[in-house]
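Taken from TrEMBL as is:
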type	residues	note
DOMAIN	11-355	domain 'Acyltransferase 3'
TRANSMEM	14-33	transmembrane segment
TRANSMEM	45-65	transmembrane segment
TRANSMEM	85-107	transmembrane segment
TRANSMEM	152-168	transmembrane segment
TRANSMEM	177-198	transmembrane segment
TRANSMEM	204-223	transmembrane segment
TRANSMEM	244-266	transmembrane segment
TRANSMEM	272-290	transmembrane segment
TRANSMEM	297-318	transmembrane segment
TRANSMEM	338-363	transmembrane segment
Amino acid sequence: MEAKKQFFPLINSLRAFAVLIVIFFHGITEVFCREHGYYYPFKNGFLGVDLFFVLSGFLITNVLIREYLLTGKVSIKNFYIRRILRLYPPIIVAIVIFLVPLSFFNFKDAFSNFFFLATYTGDIVMLFRHFIPYLEYPLFFSHCWSLSIEEQFYIFYPTLFLIFLKVFGRKKINFSFLFYIFNVFFLLLVVVGTLLMGGHFYKFFLWRFFEIFMGVFLALLTNESFKKQFNIDANKSINGIVRFLSSSITLYIALAITVLTVLGLLLSNYGLHYYVFSFTSGIVILHAAFEDNKILNTVLSGSVLQYLGKISYGLYLYHYPVFYSTQYLKIKLEPQNIYQAMFIDVVRIGIALIISILSYELIEKRILKLRTKFEA
C-alpha cells in the first residue's frame, strides 16, 4: 500500500456515508420505527461518529507528515489557522441562520447554544453548567459534542506529533510493538470504562481520543514516505501488520463481525463493540484511501457521494438545528404511518442540504482557497 497522492477521493465518499447514517439516525423515521416496533436499517447510525473520529486521525496525520517531509518542520501556528478557517465559517452561518433569530425569542437559549458551539465544549456541557448555572443545554447543537472532542484533541496533537518525531528520530523504536500495546490499552479502556461508566462512556473524551489515535497509527503504518524517512520500511513486523490490514479478506471479516455485533449476535458486552467499530472503520479507511478493493471502489466512486463528502461538515452541523427547529416552534409532527415519517425527513434533510450547498459554494470554497496559503 502506498499513498501516491495527498488527496484521497474515496475518503470524501466515506465522509458522506458517515454523515448520512448519523442524519438518518436523528430522523423522525427512526423514532416512528422504534415506537411501533418496525425494523429500521439506520437504528445504529450513531456509528458514523466512530468512522469520523478514525478518519480524522488518519487524514490529519497524513497532512502533518507531508508538511514535515516537505519543510522539515510543522508550523503549529499555520495548523491552527487552517483549523479556524475550516471550522468557523460554517459556524458563523449557523449562528446567523439559527441563533440570531432565536435570540429575539429566547436570548438565554441562543446564548447557551452559541457558547457551546463557538467554544467547542459541547461534550462537557454539564461541567460548565455546574459552574455557570445561567447556561442551558444546547438543544439546537447538542450533536456537536463529537466536533468538540475532535477539536480538543487537535489542541495538543500537533505538539505531540513533533515530540514523537524527535524521539523517533533519535531512538530506534519498535513501532509495531507500540501498535500492539496501543490496541491492548484500547481494549482495556473500553471494557473498564463501560463497566464503570455505563451509558455515560459513549461521550467520554478519552476513549474517543483513542479512536482518533487509531487513525493516527494507521497513517504512520502506511505512509511509505514516512517509513523511508525513518528507516522503518524494511521492518518485517510492520510490513506484516500492513499486509494484514490491507487484505481484502481482513476487510470482509471485519465487516462481517461488525454486522453481527450491530445485530447483537457478537461482542455486544463489556464495550467490545466500541473497539470493533473503531478497528473496522480503520480498515475501511485504508482500503478507501488506497483504492485497492474493487467492490469498495465501486460503492464509493459515485460523484454525488463524493460531493456530499465535500459538504459533509456543513451538512452535519446544520441538519440537527433544522430538525430541532420544528420541535422548538411546537410544530406537531405526528406521522400516522412510515411514509409520512419518511416524507417529513426528506423535507427536513432537503432544507439542511440546501443550506449546506449554499454555505459551501458561496462561503466555504472561497475560504478554503485562502486556507491553502497556510499549507506546505
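Backbone N, Cα and C define each Cβ position, glycine as well.
TrEMBL does not curate its annotations; it predicts them automatically.
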Long-range environment of the transmembrane segment (14-33) - Cβ separation under 8 angstroms, sequence gap at least 6: 39-40, 42-49, 51-52, 55, 143, 284-285, 288, 300, 305-309, 312, 315-316, 319-320, 323, 333, 335, 338, 341-342, 344-345, 348-349, 352
Can you tell me which parts of the same chain pack against the transmembrane segment (204-223), counting only residues 6+ beyond its ends and a CB-CB cutoff under 8 A? 1-3, 50, 53-62, 65, 123-124, 146, 149-150, 152-153, 157, 175, 178-179, 182, 185-186, 189-190, 193, 197, 238, 241-242, 245-246, 274, 278-279, 281-282, 285-286, 289-290
Would you confirm whether the transmembrane segment (297-318) and the transmembrane segment (45-65) meet the contact rule of 3 or more C-beta pairs below 8 angstroms, pairs 6 or more apart in sequence? no
So if I exclude everything within five residues of the ends of the transmembrane segment (244-266), which remaining residues of that chain have a CB under 8 angstroms from its CBs? That is, six or more out. 1, 44, 47, 218, 221-222, 272-273, 276-277, 279-280, 282-284, 286-287, 290, 292-293, 296
Ranked first among 45-65, 85-107, 152-168, 177-198 for CB pairs under 8 angstroms with the transmembrane segment (338-363): 85-107
Same chain only, please: residues at least 6 beyond the ends of the transmembrane segment (152-168) with a C-beta under 8 Å from a C-beta of the stretch. Say none if there are none. 56, 60-61, 64, 68, 74, 76, 79, 83, 120, 123, 175, 205, 208-209, 212, 230
Summarise the model confidence on the domain 'Acyltransferase 3' (11-355) as a single mean pLDDT, whole number. 89
